[in-house]
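Student: Mind looking over this structure? Questions follow.
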Amino acid sequence: MLNPIVRKFQYGQHTVTLETGMMARQATAAVMVSMDDTAVFVTVVGQKKAKPGQDFFPLTVNYQERTYAAGRIPGSFFRREGRPSEGETLIARLIDRPIRPLFPEGFVNEVQVIATVVSVNPQVNPDIVAMIGASAALSLSGIPFNGPNGAARVGYINDQYVLNPTQDELKESKLDLVVAGTEAAVLMVESEAELLSEDQMLGAVVFGHEQQQVVIQNINELVKEAGKPRWDWQPEPVNEALNARVAALAEARLSDAYRITDKQERYAQVDVIKSETIATLLAEDETLDENELGEILHAIEKNVVRSRVLAGEPRIDGREKDMIRGLDVRTGVLPRTHGSALFTRGETQALVTATLGTARDAQVLDELMGERTDTFLFHYNFPPYSVGETGMVGSPKRREIGHGRLAKRGVLAVMPDMDKFPYTVRVVSEITESNGSSSMASVCGASLALMDAGVPIKAAVAGIAMGLVKEGDNYVVLSDILGDEDHLGDMDFKVAGSRDGISALQMDIKIEGITKEIMQVALNQAKGARLHILGVMEQAINAPRGDISEFAPRIHTIKINPDKIKDVIGKGGSVIRALTEETGTTIEIEDDGTVKIAATDGEKAKHAIRRIEEITAEIEVGRVYNGKVTRIVDFGAFVAIGGGKEGLVHISQIADKRVEKVTDYLQMGQEVPVKVLEVDRQGRIRLSIKEATEQSQPAAALEAPAAEQGE
């Protein structure tokens, strides 16, 4: 009854299996894709009829990781998976971006793609597997889809590109780039890099696109074998007469409106023209559909702007194609934050702060691929007031998570190593105004705020958003695009990096025919823009401040013998707890004996270091210490001599005469000088008050820690 159709092929170092017809047979299409034990089950359901009045394409992509895939039970209170994590949200966006432009214009039926990770090999990331699965399922479904598309991850190790590197290989790689495309065109690039050149990045894109052709060929073969018949869907016929009538009423006026350089004023004028045009047409014929008129007006708007750009005329706000809007750069704008900056580019503005914390502020991420600790956090907030609107304020949306991750990628390559700068760093970008590329403004602001906070970043980084308009062989690359140009162009891409190279590259391409040469021109123009912005930023602050903020915790590092770690921690953590309370510091101990002491006050840190050195000091036989009586027994007394160490003064060693009763000579808590007679193999210490008193040398001052009193 179940007769699965399977295709197997070699993809780089992995074997990929596509299987359909076995599960979820009521879905429009379903595919199980596996790559060396990492398996993702992808389903597609498409509605045959569009909702009446639907004016946009309702595509939903859900990506969900199941912990059973890694043989684990969720650690949450309810012991089941909750809402999508940040990582799942980012992969859902990664699947969505290359498939969205492959649906035909005018197709507004609801489509839902659900990718479920059901098995995971910790060396094979499920994101590429899920992207291949979505492409295969849509191609099999019969839904109008101009695919299939492939997907590949590209690494760069020892000056060689590596296809789909394993997780271990990625740690050695200077690049982590995901590229997706069809047979003829690249559609999407998402990457982070350790400051590689434009040519190296472009080479990786081309390499990934060439290598993924095997995926596309195999999906096509599977479709021949198991594909469902294509839907008989036709786009609505174009009403030429109505288009001409709308153009006659509005085209010239819209062209004039787009010469207004102020965003709010321009929007107001465009709204007036649209509403007047629609009112005029509805007065002539009330059977017309207002939504359809709105769409025609939008298409006219798009053509007005595109044709002006292609004709070499100034852009919407009066700039030439490679001009960047006016920049205003300020640092140290908030008095109590550890680092802050206000970065303004035209009508886009970001208030960015940097906060320093200790290792215990790091985020522990319990991911499917295993647990990891993140010591660099980047959060991006996009409040509705930034575009002059009202709206919900609450937990971050998909877009904010995606933009925050892109900005983080832009900065990650220049962050110092933990051994040189042992702080957890959190950067928050508040977008206070937005008109184009707020994520790249966040990169610039983050670089400034980190320098202001005294974080020794390896270089300043800046980001820029670029656009491309293409008609036939004629194309124009635009630097620093506005929000309006973003929607009207054929490709938009964002590049972040330093003077030396690229740290992050994100591309979204909506058309075919974007060649390697065009991408080369675009990347080189972006480099010029990036260097210009870096020049302006350097006038405000050209190197990290020599010292961190007085309000930031200072971390002092000392080394102790790993065998002594247990002494510093104490029984059940008693010693370290008492130390942190006594000194007002935060103390972290690593397995190799590295001790990090964080304090906002230098004196407190010195006190903590002194106490730890006392605790870890070796007990010297023959030396006299100041001790404190902690326990009295019939045969003598136990005396703490600091460092959590306790020794026995035998009754015969209390005085130089016979002692009948210990309490005649000693009381609990009494401070007495003691001489170390012996430390045996088991670390037990024999002490003498008698010999210490006889000896005239001054006692070595070593106080017992508070935790040891009254034990």
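Any Cβ shown, glycine's included, is placed from N, Cα and C.
The shown structure was predicted, so the numbers you read here are calculated from the model rather than taken from an experiment.
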Student: For the annotation region 'Disordered' in Swiss-Prot, which listed range does it cover: 426-447, 602-623, 690-711?
Tutor: 690-711
Student: Determine the most Cβ-crowded residue among the binding-site residues D486, D492, using a 10 Å radius around each Cβ and all protein chains in the structure.
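Tutor: The residue with the most neighbouring Cβ atoms within 10 Å is D492.
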Student: Check the domain 'S1 motif' (622-690) for me and report the mean pLDDT.
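Tutor: Its mean pLDDT is 85.
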